[in-house]
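The structure under discussion appears below in the form of structure tokens.
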Amino acid sequence: MTLIFVNIFQKRTKMGPNKKAAKHRLSHETEREFGGTLGAVCIPIFLPLTVLFLICVSQSPEANVFQLPPRLPTTDQLWDPLAPMLLLGWIGLHALLYMMPLGKVSEGLVLRNGTRLKYPINGFHSLCISAVLLMLLLAFGAPLGYLFELLVPLAVSAIAVSFLFSIYLYVRSFWAPSHALALGGDTGNPLYDFFIGRELNPRVGNFDLKYFCELRPGLIGWVVINLGMLMKEVELRGSPSLSMILVNCFQLLYVADALWNEEAVLTTMDIVHDGFGFMLVFGDLAWVPFTYSLQASFLVVHPQTLSLLKAAVIVALNGVGYYIFRRSNSQKNQFRRDPTHPSVSGLETIATATGKRLLVSGWWGLVRHPNYLGDLLMALAWSLPCGFSHVLPYFYVIYFTILLIHREARDDRQCRAKYGLAWDTYCRRVPYRIFPYLY
Ligand code: NDP
């Protein structure tokens, strides 16, 4: 799951000419992302505050995101010594699971120096082992519902770890050879480079720090937080509500799917293109687990009654979204891996000057990003169990719509640069970007 969580802030700004730029600093790429230096200064201040603000709002009786002055935690809410211990223990556990000789080993794409890195594909094993450990903890009476009280201190700890880890990554990148730096992450501006990430694939021995953070501690942490919210509901009301069960199941399915298809992350923008800096570290370790779990924390304080009929409609919506999301992603992955495979060989395609072909029928003939359409339908299904009384549970679907519209525009630019006229032909054949007949 590529967590380009702050794409919404991404703007392309012109960078001033740097006459002394070393050759490897791609001075020909005269663009900085995320609002350049200003973005690199503001985002690391603004987004951590947003995380704390949203958690506080979700736990408050009013749950009003528009309340002025905005609701922020008091200083005594920020700290609990248990939080950093739990967080570091969790990260340590997943580091151990990562190193266990389980699952297969896959190679990433070819790097600039012609080599390919090896990655363990055992994220799904980590999820299963985490689930067994959690069940054991629950069987021994561990108060998992206490995660509700710990949310703010845990988020503060995750933010602090993100800053410290990003500083480490920035400093160590000066010992990396130039071919190991991300294009666009070595501008010479320390604030921007710290934010965007200098080194492409920082490793300690064989342990790949970026790949580890992408899908494991934060993503699995998200569903553990959800489970904690469910247990809090059980403490408060004796049993989990239907809404809480739906939110937990939907999001667990999404996370399990990402880990089951872990190999696909090796070709994403995050792994292939982006350096590992504050942007990705914070997104993986703080933004995803603490903002994607807002519906569950909201439901603890704002119980909803959901009829079976409404629940069935929501389940159907999530099912349709998941079906479109999975089938379209798998179709493209299969086509890119082996265009002669029987499941894709009958599809209509157009040739491009690069030798690669583009699908113009099947899912990719419906809209230009059917996978985003499916993802957005699921995002809506995760919010609907929370009713219509508050905006907060819809934060994810609103944020995600903006993110994916922006991401689509970014991908469109990149594909036009890659495929030129063939891309224009594809756009004429498939005029809608994400929503059929709408956009
Ligand atoms: P996509 O999987 O949509 O890949 C886009 C690439 O696919 C293009 O650059 C092009 O690459 C190829 N492509 C585009 N059109 C065609 C075509 N017609 N035929 C063949 N190939 C084509 O990229 P993302 O990484 O943005 O999305 C992956 C998934 O991750 C999506 O389902 C998305 O919803 C999800 N996601 C989730 C997020 C979250 O926080 N939950 C955040 C971001 C994404 P090329 O031609 O070089 O192969």
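Heads up, the Cβ atoms here are built off N, Cα and C, so glycines get one too.
Quick look at what TrEMBL annotates:
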- 34-61: transmembrane segment (TRANSMEM)
- 81-100: transmembrane segment (TRANSMEM)
- 121-144: transmembrane segment (TRANSMEM)
- 150-171: transmembrane segment (TRANSMEM)
- 239-256: transmembrane segment (TRANSMEM)
- 276-294: transmembrane segment (TRANSMEM)
- 306-325: transmembrane segment (TRANSMEM)
- 379-405: transmembrane segment (TRANSMEM)
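Highest Cβ contact count with the transmembrane segment (306-325) among the listed stretches 81-100, 121-144, 150-171, 276-294, 379-405 falls to 379-405 (criterion: pairs under 8 Å). Taking pairs at least six residues apart, the transmembrane segment (81-100) and the transmembrane segment (379-405) share fewer than three Cβ pairs below 8 Å and do not count as touching.
Long-range contacts of the transmembrane segment (34-61) within the same chain: residues 6, 9-11, 13, 15, 67, 70-73, 77, 148, 151-152, 155-156, 159, 162-163, 189, 191-192, 194-196, 278-279, 282, 286-287, 290-291, 294, 297-298, 300-301, 392, 395, each at least 6 residues beyond the stretch ends and with a Cβ under 8 Å from a Cβ of the stretch.
With pairs at least 6 apart in sequence, the transmembrane segment (379-405) and the transmembrane segment (150-171) have fewer than 3 Cβ pairs within the 8 Å limit; the two do not touch. For the transmembrane segment (379-405), the residues of the chain that approach it from at least six positions outside its boundaries are 4-5, 7-8, 54, 57-58, 63-66, 242-244, 246-247, 250-251, 291-292, 294-295, 298-299, 302, 304, 306, 310-311, 314-315, 317-318, 321, 369, 372, 433-434, 439, judged by C-beta separation under 8 angstroms.
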